[in-house]
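S.K.: Provided herewith is a single structure, encoded as structure tokens, for subsequent inquiry.
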Amino acid sequence: TEDELRRRQLRLRIFALIKIAVFLIFWLICSVYIIITPPHTLKEIYVPLQPNKVQTVDIEDKPTGETITIAMRGNIDLIATMHPKQSDGKSLAIDVAIEVFKGDKNESSWKSKVWKVYVEDEDPDIVITVTNRFRLDDMPRTYMNDLLMGRGVRAESGSDAKAVVTLLSHHGSPVGMGLTINANPVNEDVSVWLGLILLIFLYVLIGFDITDRTFAALIAATGGIGILCILDERPALMEIIRWIEVETMMLLFGMMVIVSIVSETGIFDRLTVFAYQLARGRIWLLLFYLYMLTGILSAFLDNVTVVMLLVPVTIRMCELLGINTVVVLISIALFSNIGGTMTPVGDPPNVIIVSNRFIHAAGIHFCEFTLHIFPCVVVAMLLSFVMVYYMTRGKVMDSGDQLQRSIDALEKQAAISKDTHYNRKIMKHIEVLKERQKQEKAKPKGGDDYETTLKDLKANQNAADIPLLIKCIIAIFVAILLFLLSSIPHLKGVMLSWAAILAALLLLILADRSDVDSILERVEWSTLIFFAALFVFMESLVKMGLIDCISKVTTKIIHAVDDDSQLIVSLLLILWFTALSSAFVDNIPITALMLKLVIKLSTNLTLDLPLNPLVWALVFGAGFGGNGTLIGASANVVTIGIAKQHGYAITFRQFLFIGFPVMIMTVVIATIYLLIFHCAITWH
């Protein structure tokens, strides 16, 4: 009724005002602290180290808490330092510790646990920074009290407890290291809770669709910097820039440019017609080819761009065949997520994982990744089709009044939109749908025959640009070749990011386009900004100690079981927690968060967990878990957006009823796969 509509509009208006007020308060607090807080910069000291000689560096600032953070920068073996149990034993280490000297005697009264920093012997050009947090809580209380007092107070009281950093090099030749001491790191008792609140805030914004996800990530990233300012730990601008994984951004940008040009060739329309001819008009065989094509393409092209290209074609096909468009589109999104899990470039979470410096240094490259993920994904795709068939076989052929609903929705869009060019496209599409509706009513109840439908499909496809298609094939072949070459250890310059950029540049050269602006306009800039903001946000959580806290809780759970079961428990925890979290929150922030945890677990000295199986568990959890709900993956959101533009509304419930059972089944398949190949057989 009119009263209900008025009340609903009032509620929406009140909600909008509350949202603006909350964002304004949030912005004001962050802005004030960012303006008044100077960057927290620490002095780096260059320390020359002689073989088997102890070098000491005074801790000049008095500690106010129970932790001191030390960063070492130099020619460091990252893998051996982060995970000494996996070192080959050839690397020689530098022993780093904190010692307290009491009184005038040059004798150590207390010494922390030794931190071993391994020197890189094979590549002298590598410069890496590693950080360790030393706890002082087991220091005798009298020494702690002396350290907490100022130097003048200690002199008056006759006490002279001095804390120093000691470095002992076991390397055969002299080495030099940059040393940074932070005597007063962030107070984790406060920062962890603030970080957790901010993380929940981001998930609520994205999960309940309160605002655009890119804007939500920017707000959260700004909030992370603001909290660090409140804690007097404001990072410098260059440090914030270093937090952004440029390799990930380059890879995504390169692939987006390639796909934007591929979309002009008309190849996807041709593939749809070819699939229909191959199936000889049999609907379920056609859908099998369509779903498998979606999965295979998503493995080698970003699945977001694949659905951007395939969904419009699929909508036209469904309208011509008179089948349920919503059900087919949901299935397209599901198979794009499953297929995209197969390779490092198929899914945004995979890009985040393989672009990480630690993962790359551990030797997880394109071939290694694909080899371990491929078998499980193939099984998951085939069984998912069987499951989708039994769940939707009664719905696919029942399109109901979807054409009329689509026409009504498009007419509303045309009435609201002020874009005349867009309105012309909408009105043209409405005319096509009305003509199709007349044909539906006029035709006998058996439907169009195979030849008539094939003729309609060919009539509605875009003209093919064969020369451009050949150029695109050359560029994609070069990209895949470079992806494979990145697996060769001696070709260190061939990275996935550079492979994508070089292939994109090659295609731009071959295409010889004068209007490059039109290509760049189709790049998903909002997605790239979302990634950049997310990287900054996650690094701010690391600074607050939230990742360390989650790691400690997970480590306690793993320690609660016997040694033989620790890998099994770790894999199950990472796989299922990531999958269930990704179902209700976009899998990109979940992946960024869980990747930090995976690295922490693999480098924990008290656990003996190999890195590779943990990474595979994360990949399966993020890729398959994104199918759980409508907001679980970027491909889902893009599919829904394109469907809405064509007049098809996909509800949260519709997606949940198909996607969630498929998610559970595929995660169970991944569980069995990991238990067999990485617990029983230990393929890694």
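Note that Cβ sites are derived from N, Cα and C of the backbone, with glycine treated the same way.
Relevant sequence annotations retrieved from TrEMBL are reproduced here:
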- 203-621: domain 'Citrate transporter-like' (DOMAIN)
- 12-36: transmembrane segment (TRANSMEM)
- 190-208: transmembrane segment (TRANSMEM)
- 214-231: transmembrane segment (TRANSMEM)
- 243-263: transmembrane segment (TRANSMEM)
- 283-311: transmembrane segment (TRANSMEM)
- 318-338: transmembrane segment (TRANSMEM)
- 358-390: transmembrane segment (TRANSMEM)
- 468-488: transmembrane segment (TRANSMEM)
- 494-511: transmembrane segment (TRANSMEM)
- 567-585: transmembrane segment (TRANSMEM)
- 624-643: transmembrane segment (TRANSMEM)
- 655-683: transmembrane segment (TRANSMEM)
S.K.: Can you work out which residues elsewhere in the same chain, 6+ from the ends of the transmembrane segment (12-36), have a Cβ less than 8 Å from its Cβ atoms?
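M.R.: Answer is 210-211, 219, 222-223, 225-226, 229-230, 234.
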S.K.: Take every residue in the domain 'Citrate transporter-like' (203-621), average their pLDDT values, and give the whole-number result.
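M.R.: Here the mean pLDDT over the domain 'Citrate transporter-like' (203-621) amounts to 80.
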S.K.: Apart from its near flanks, which chain residues at least 6 from the ends of the transmembrane segment (283-311) lie with a Cβ under 8 angstroms of it?
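M.R.: The answer is 252, 255-256, 258-260, 262-263, 268, 271-272, 275-276, 317, 321, 323, 328-329, 331-333, 335-340, 342-343, 345-348, 377, 381, 385, 388-389, 393, 396-397, 476, 480, 524, 527, 633-635, 638-639, 642-643.
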S.K.: Other than its close neighbours in sequence, what residues sit by the transmembrane segment (214-231), given a CB gap under 8 Å and a spacing of at least six beyond its ends?
M.R.: 23, 26-27, 29-31, 33-34, 36-37, 186-187, 190-191, 194-195, 198-199, 201-202, 205-206, 240, 526-527, 529-530, 533-534, 536-537, 539-541, 543-544, 589
S.K.: Using Cβ atoms only, state whether the transmembrane segment (494-511) and the transmembrane segment (468-488) have three or more pairs under 8 Å that are 6 or more apart in sequence.
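M.R.: Contact between the transmembrane segment (494-511) and the transmembrane segment (468-488): present.
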S.K.: Give the nonlocal contacts of the transmembrane segment (655-683) in its own chain as ranges (CB under 8 Å, at least six residues past its ends).
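M.R.: Distant contacts of the transmembrane segment (655-683): 327, 330-331, 333-334, 338, 372, 375-376, 379-380, 383-384, 387-388, 391-392, 567-568, 571-572, 575-576, 579, 583, 612-613, 616-617, 620-621, 624-630, 632, 636, 640.
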